[in-house]
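Visitor: Below are the structure tokens for one structure; questions will follow.
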């Protein structure tokens with residue numbers, strides 16, 4: 001059963017979580033947005049989805065309760081449940097200047113707009129430092145979930161804002177498995193004490209959680225290879241593999257599991273361990 005999260009919660013002396021009020025199968029209890037710092041102006045990490053008045057109300061309440069304002073906004077990646085609230089925040093929460101909204105560029109680069117194009121992103125790069133009173137954030141490029149994904153190290157706490165690279169409950173989806181595994185290994189090197197994830201509760205055993213994620217993906221890959229080795233001459237579609245491997249996963253999540261299996265298959269095919277054919281639908285079999 002998923003943990004119950006408060007809509008507004010002070011997690012440490014410099015981190016306040018404001019829940020995005022957008023619960024769902026992919027967002028868990030909702031998107032975690034964070035106010036970071038200790039002063040009268042703080043950094044907001046992620047913004048939830050568009051047109052969620054409950055979130056804007058909670059964010060306003062948090063700003064009032066902690067007597068602070070938004071210095072700038074950082075979004076961990078381009079997905080709608082992290083960038084979607086930018087326009088509503090800019091319209092509904094007054095600021096003395098236009099909000100600066102920072103993110104990593106897409107890779108390969110492409111034009112991005114905020115809302116109707118009334119604002120543009122300020123792009124940062126791996127290793128950049130973003131400061132506010134009481135908090136120093138270091139940008140870490142962590143592609144895999146998306147091509148523009150960033151994590152942020154909170155230097156004062158040796159804590160990690162992981163975006164959707166690591167979730168508080170369950171596992172995440174990704175676009176590129178090779179990049180994603182490398183990103184997990186890079187996050188492991190940070191030796192963070194705590195992880196503030198993009199969805200779900202705070203993770204206090206950071207190293208164990210990252211190792212669990214790495215192990216989980218390695219186990220999935222081995223499960224796929226086992227199916228091929230035990231059925232050496234047989235070809236499988238991605239969904240056939242899902243039904244063989246994800247037996248304990250609810251059927252409504254099989255499409256998401258298929259996405260992950262396809263990424264494993266692409267990686268294994270690239271490594272020459274399996275081959276594919278498209279007659280009449282795409283199937284894979286073990287490579288001699």
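Cβ from N, Cα, C; glycine included.
Residues or ranges marked as Zn(2+) 1 binding site in Swiss-Prot: 77, 79, 118, 145, 164. If you look up Swiss-Prot, you'll see 81, 82, 118, 164, 199 marked as Zn(2+) 2 binding site. The N6-acetyllysine annotation in Swiss-Prot covers 102, 282. Residues annotated as phosphoserine in Swiss-Prot: 235. Summarising the annotation, Swiss-Prot assigns N6-succinyllysine to 273.
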Visitor: Taking the Cβ of each of the recorded positions and counting other Cβ atoms inside 10 Å, which one has the highest number: 77, 79, 282?
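Guide: Ranked by Cβ atoms within 10 Å, first place goes to 77.
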Visitor: Mind checking which of 81, 118 has the fewest other CB atoms within 10 A of its CB? They're the binding-site residues.
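Guide: With the binding-site residues 81, 118, fewest surrounding Cβ atoms within 10 Å: 118.
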Visitor: Distance between the residue listed as 'phosphoserine' and residue 282 (N6-acetyllysine) at the Cα atoms, whole Å?
Guide: 9
Visitor: Roughly how many Å separate the Cα of residue 164 (Zn(2+) 1 binding site) from that of residue 282 (N6-acetyllysine), to the nearest whole number?
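Guide: Here the two Cα atoms are 29 Å apart.
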Visitor: If you draw a 10 Å sphere on the Cβ of residue 164 (Zn(2+) 1 binding site), how many other Cβ atoms land inside?
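Guide: I count 26 other Cβ atoms within 10 Å of it.
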Visitor: In sequence order, which residues at least six apart in the same chain have a CB under 8 Å from the CB of residue 273 (N6-succinyllysine)?
Guide: 225, 228, 286, 287
Visitor: Which Cβ among the recorded positions (82, 102, 145, 199) has the fewest C-beta neighbours inside 10 Å?
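Guide: It is 102 that, of the recorded positions 82, 102, 145, 199, has the fewest other Cβ atoms within 10 Å.
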Visitor: Express the distance between the Cα positions of residue 82 (Zn(2+) 2 binding site) and residue 145 (Zn(2+) 1 binding site) as a whole number of Å.
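Guide: Cα to Cα, residue 82 (Zn(2+) 2 binding site) and residue 145 (Zn(2+) 1 binding site) are separated by 13 Å.
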Visitor: Have a look at the recorded positions 102, 199, 282 and say which one has the shortest Cα distance to residue 77 (Zn(2+) 1 binding site).
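Guide: Comparing Cα positions, the closest of these recorded positions turns out to be 102.
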